[in-house]
Amino acid sequence: MSMLKPSGLKAPTKILKPGSTALKTPAAAAAPLEKTVPSEKASGPPSSETQEEFVDDFRVGERVWVNGNKPGFIQFLGETQFAPGQWAGIVLDEPIGKNDGSVAGVRYFQCEPLKGIFTRPSKLTRKVQAEDEANGLQTAHARAASPLSTAAATMVSSSPATPSNIPQKPSQPVAKETSATPQISNLTKTASESISNLSEAGSVKKGERELKIGDRVLVGGTKAGVVRFLGETDFAKGEWCGVELDEPLGKNDGAVAGTRYFQCQPKYGLFAPVHKVTKIGFPSTTPAKAKAAAVRRVMATTPASLKRSPSASSLSSMSSVASSVSSKPSRTGLLTETSSRYARKISGTTALQEALKEKQQHIEQLLAERDLERAEVAKATSHVGEIEQELALARDGHDQHVLELEAKMDQLRTMVEAADREKVELLNQLEEEKRKVEDLQFRVEEESITKGDLETQTKLEHARIKELEQSLLFEKTKADKLQRELEDTRVATVSEKSRIMELEKDLALRVQEVAELRRRLESSKPPGDVDMSLSLLQEISALQEKLEVTHTDHQNEVTSLKDHFGTREEMFQKEIKALHAATEKLSKENESLRSKLDHANKENSDVIALWKSKLETAIASHQQAMEELKVSFSKGIGTDSAEFAELKTQIERLRLDYQHEIESLQSKQDSERSAHAKEMESMKAKLMKIIKEKEDSLEAVKARLDTAEDQHLVEMEEMLSKLQEAEIKKEKFASASEEAVSTQTSMQDTVNKLHQKEEQFNMLSSELEKLRENLTDMEAKFKEKDEREDQLVKAKEKLENDIAEIMKMSGDNSSQLTKMNDELRLKERSVEELQLKLTKANENASLLQKSIGEVTLKAEQSQQEAAKKHEEEKKELENKLLELEKKMETSHYQCQDLKAKYEKASSETKIKHEEILQNFQKMLVDTEDKLKAAQEANRDLMQDMEELKSQADKAKAAQTAEDAMQIMEQMTKEKTETLASLEDTKQTNAKLQSELDTLKENNLKTVEELNKSKELLNEENQKMEEFKKEIETLKQAAAQKSQQLSALQEENVKLAEELGRTRDEVTSHQKLEEERSVLNNQLLEMKKSLPSNTLRESEYRKDADEEKASLQKSISLTSALLTEKDAELEKLRNEVTVLRGENASAKSLHSVVQTLESDKVKLELKVKNLELQLKENKRQLSSSSGNTDVQTEEDERAQESQQMIDFLNSVIVDLQRKNQDLKMKVEMMSEAALNGNGEDPNSYDSDDQEKQSKKKPRLFCDICDCFDLHDTEDCPTQAQMSEDPPHSTHHGSRSEERPYCEICEMFGHWATNCNDDETF
């Protein structure tokens, strides 16, 4: 039992077995032959029944057969732990199982040891299968009959057939032979497996080719799913099948090692080799009927079947009989000859007499031939009887010899069967080992796939770690910057605090000075200086007020600074905390990822080591098994060869004995033949006498037949003329149908042409769509340019406003004016550079427009040409349609005429047939009346006879005996005449009835022909209707094509309008640029006439800086656009060069393809020759003697040829793959050339160009060496802090007065709102 492995994978396909040499047995009895044929016939139906029963639901307790030969009861149904999928546990009748209901420590049911077995439900059947399926060959339904199997068939079928006349011997040897036949069939099956497996592999390959995307399949026999991918992959060589499973039992989501082959949910995708995948509802092999038929053919064509004929003499006699039968002239030929002669000579009595003479001659010839045939048949029958008696005697001796030989053969068979069983068991073990190795290889492949997935995951994780490290570095740089800023702010706060302290000290000193001054004033105050003191007091109060205001302002500024610094410090601290947390998280993630990586690497290494050890153990066990098998094979071959030699010597002796016996029998047969020939001559003489007597009676019948035949011939000639007319009409009808077929083919051609035109239209429409897309891209670019122009216009307006304000507020500073002039010159240079770049961009745009115009012109021309061609073809089609319609009408009228004529002819034939029948019926009635009259006359005569007898009795006394005798003789003569007339009438009646039967048959034939012609007419009518429908569909298609043409023309017009608009936009763009140059000139003139102004310098500088920034932005935008356009141009040039190279390579590839195809043909011829050699070698093997040296040499030759065939097949497969790849490349190149119309090299592969132009390039930083985060220009590591502080831009209105505190000396609040409460 071949159980599935725990991986749930399907067991590998059958491996080729070494062919065992078949025995040649002597002729056996006929009974085994009769039994082998039904067994072969019976091998067909069970295969289909089992295929149906795979789907059936089995039940627990149901009686089944495992593999068709192990009976038992189902005890368990369901899933198991040792392997996935549904399993059936069976309790067998005999202890030939594997377990007692438990596997790997888990019990599923209870039974006796070695009676339990687990198998798939598909291996169970409800009926006993044939012996070849029971031996484990139920998978090979479609194996061809190999030479070895033919040799086995000759062994079985070589017994001579017993004729039915001879009594057979007792049935003991027959029983022995019946028991021996299945053993021989087993031998032949084991021998033929090596060749039948080749055909099985071929059938599997066919099944693989029939796999398509979307098919329902089984992977490993258990995992069901849908095919989503078919082809070669990057992770492994060969053809792979990607399957989306119904359940999450897979390995991936359609992607392996970073490359995606199809899309599905995780754990639902699985990749497997094509030979491991089976299509649901598609049998991999053909049914077993082919094998049975092949065996029957071989049995029919074997040379042993020729030996069944008892002797060569019987064959010669049979050939003589066949020759005599073939030499007999036909009745129909004679009738035709006589009819032709009578047709020529109907008029006159002389013609009738000549015809009578000719008929008499014909009858004499026929009678002579009949005599010869009868003599030959009599000879043959007597000869056959004698030969059969001799054969019976020979068979008695032969049966004794056969019984002795069969006893010896039985002993040899038992020995051979034992050896074969051991071989079969060893081969099964070998197959199981090979299956295990294949399973291990498949698992290794799966592990390699999973390893590839793990490697991709590790690569992704490494990339993520790198990105995280880069982000860490970025965050660290940010943190450093923030710390530096904090330190700077702290230094600034310290300096400001020291300044505040100094100001406070100054205040204190000033207050002291004021107090001292007051004291001095009070002390030095004279009485007359009151006014001075008052003024001084007023000044002091004013100074004090100023001091208080300045103090309050200063306090406000200090508080605001403190608040600002506090908030800044809090912000910085928060940012630092967040950065620390992020760095901690990143470090933790990094550590976890590294641990995962280490763990995955360890697991991978463990798994690889495990599989390596398993593989090594499996290979070692496999090698041991192979060595043991080789040893056992060498021993078995030695013993078998000795036995075969002994058998051959015995068989040759028996053959010599048989030859002597046959020679003696032939000499006896020759002597008996001469005696038989003499007897036959005497018999012929007697027959001649009898024939002469019967000729007299035949002449009377001939006269009556002639008249009837003349009438019949006339009627037949009339019927023949009518039939000829009908045949002529049929021929006309057939010619009409042929014309219809030719029109249909022409219609199909036109339809094909239409399809081609549709494809051309589709190509043109795709090109138009591409042009539209290019136009939309150009429009988008033009829109961007318009937006930039709008920005420039706005900037120009701002500059004009600023210039107007500067003109109003101009001052006297000449130095500042010179500076401004210098800056303006610099700006002018930059503007000139921008203008140069713009001119270049405009030139590029004009070039693009020209290329677009050329493309559109080409498209329009091609469209117009296609439209013209389409219209011409349309006209041709319409003309053809009109002609077809005319032909159809004429054929329709001809059909109607033929129908009418046919109906008339049929009615006439019916009427004539009825008339002939009536005449014959009248004739029959007349003959019956005549018969009755003759019978009545006979009765009267009998009565007269009786009366005469009575009169004779009475007259005996009166008259003499002589008178009575005369009367009696007269009466007997009359009686014989009446009897002869009765027989004549009976014969004529029988002839008339036979003629009636022939007429009825002819009538039936004519009726059948009528029906056939009617059916033909109906079929022709149906074809005519189909033609009409096709014509209508073609008309509709033509209308659709014309609509499509008109739509395409409209779209072309629209495209032309859009081109015109784009050209108008370009001209407007050029006008705007001219206006800009004019405005720049005006600016220069305005700058020359600018007066100096000192107050507004700072504002002017700010405005100039703003202008600078906006101009720099516009310059950067234009430069980016220019670089993009340059890159696009370079790409286009590169693509053109690549396409030219590909075109050259395509030509070289085409030549390579041709050479490869020629090599392939040569290799295929070599393969065929080698296969023929293999077949011849195998035939020689099967028919050769038991010499071990010759056998070993032939085996080595067969193996070498097989290896050569395998090698050549692999070479052919590789060549086919290369050929397909090259063809694909050539097709791609030809499609690219077709898309470009073969004129413009830039137009090749426009689809790829569009895709490339549409695809945005991924962001990549050359500094950080990472994708998708940022560009090198936007990298934060290369961003530097500006040395000069930025200009303050308040964007307030110039008329408004900003609030200023004199105490704090800061903007933002007034002195009245300043806080005086703050302490310093």
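Heads up, the Cβ atoms here are built off N, Cα and C, so glycines get one too.
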Phosphoserine: annotated position in Swiss-Prot, out of Ser43, Ser671, Ser1246:
Ser1246
Out of Ser541, Ser737, Ser1116, report back the residue that Swiss-Prot marks as phosphoserine.
Ser1116
So one of Ser171, Ser194, Ser742, Ser1013 should carry the feature phosphoserine according to Swiss-Prot; which one?
Ser194
According to Swiss-Prot, which stretch among 1178-1201, 1274-1297 corresponds to the feature region 'Disordered'?
1178-1201
Of the residue ranges 438-458, 984-1004, 1068-1088, 1089-1109, the one that Swiss-Prot records as region 'Disordered':
1089-1109
With Swiss-Prot open, pick whichever of Ser192, Ser203, Ser340, Ser891 is annotated phosphoserine.
Ser203
Residues of the region 'Important for tubulin binding' (97-101) by DSSP state, where helix covers H, G and I:
0 helix, 1 strand, 4 coil
Take the zinc finger (1299-1316) and count its residues per DSSP category (helix H/G/I, strand E/B, coil), listing them in that order.
3 helix, 4 strand, 11 coil
Quick one: DSSP breakdown of the domain 'CAP-Gly 2' (231-273) into helix, strand and coil?
0 helix, 19 strand, 24 coil
